[in-house]
Amino acid sequence: MEGRGGSRGGAMARGGGRGGFGGGRGGFGGGDRGGRGGGRGGFGGGDRGGRGGFGGGRGGRGGFGGGDRGGRGGARGGRGGARGGKPAAGGKPGAKVIVEKHPRHEGVFIVRGKEESLATLNSVPGESVYGEKRVSVGEGEDKKEYRIWNPFRSKIAAGLHRGVDEIHIKPGSKVLYIGAASGTTISHVSDIVGPTGVVYGIELSHRPGRDLIGMAKKRTNVIPIIEDARHPQKYRMLIGMVDVVFADVAQPNQAQIVAQNSAYFLKNEGHFIISIKASCIDSTAPTEVVVQNEITKLKKEKLRPQHLLKTLDPYERNHSLVIGVYRKFGSSEK
């Protein structure tokens, strides 16, 4: 079904071209492959990205420790496309789009028009957080507004574009987000978890912390906490048990930070997602060695990696994404 519109985003990175949904999917240790093409990389430098379609080719699935390359490419459109309507504020009249539910990630949508993008249903219609484009569909009481999720501004969105299978964040989820910054990604997580979920955002720096607090004033399911994530005991009375811990702190002791916060707040069999920037941990060692060392540290803390996305290129340079499960009462894996 068709809709119209899409407001013009003012805060996109300069030179931030479009990466595709053709990213391959590898198992733990498998080689993920990016999309095809030559879109320029934004935010973070001059990587050249891939411009792929949503219907990327299928490849073999790599298992934990396997070396198979490939995997399924971009997401295929599912049922439940949104109805057509008027353009969002600032949108171009006549720009037809189709909004569909993502087939694998609940609470995430695919917007198809001149460009193909991921989006979340805006829980604060009429408001953008970081200048992102917005698309409105439907009429009257059926009108809905979607916010385009920019993969050059969000590690989770980059992972979704690269074909990650599961982020474990869905409507009703309780999420602890370590390294919240000004709230760009948290705002989309807020959209996904909805009114029955909650997002706790930990940020140490006061300047982005002010932006985070300002965003949270309009999103009642976001709880900003301006504190040092290395000392979770300082905010233990503010946070309940959570389903997912996400960490994007780029610190040498990142694995320890995740382990400490998981011990306090992550429920047994809950999940974690860690964005690893190898150069921030050890700039002298090869990226693969640094990532494997971090994985070893996580295993010793009962954090069992299940999926490794070796690269987030072209969206984020020198970043990997590790997703796994917390076995609180199991023995540590050496």
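Cβ atoms are placed via backbone N, Cα and C, with glycine included.
Per Swiss-Prot, region 'Disordered' is recorded for 1-94.
Per Swiss-Prot, the feature compositional bias 'Gly residues' maps to 1-93.
For D228 (S-adenosyl-L-methionine binding site), the count of additional Cβ atoms within 10 Å of its Cβ stands at 12 [all protein chains shown]. What Swiss-Prot lists as S-adenosyl-L-methionine binding site is T184, T185, E203, L204, D228, A229, D248, V249, A250, Q251, and the listing cites similarity to another entry.
Classification of E203 (S-adenosyl-L-methionine binding site) by DSSP places it within a strand. For A250 (S-adenosyl-L-methionine binding site), the same-chain residues 6+ apart in sequence whose C-beta sits under 8 angstroms from its C-beta are G179, S275, K277, C280. According to its DSSP assignment, A250 (S-adenosyl-L-methionine binding site) is coil. Within 10 Å of its Cβ, the residue among the binding-site residues E203, D248 with the fewest other Cβ atoms is D248.
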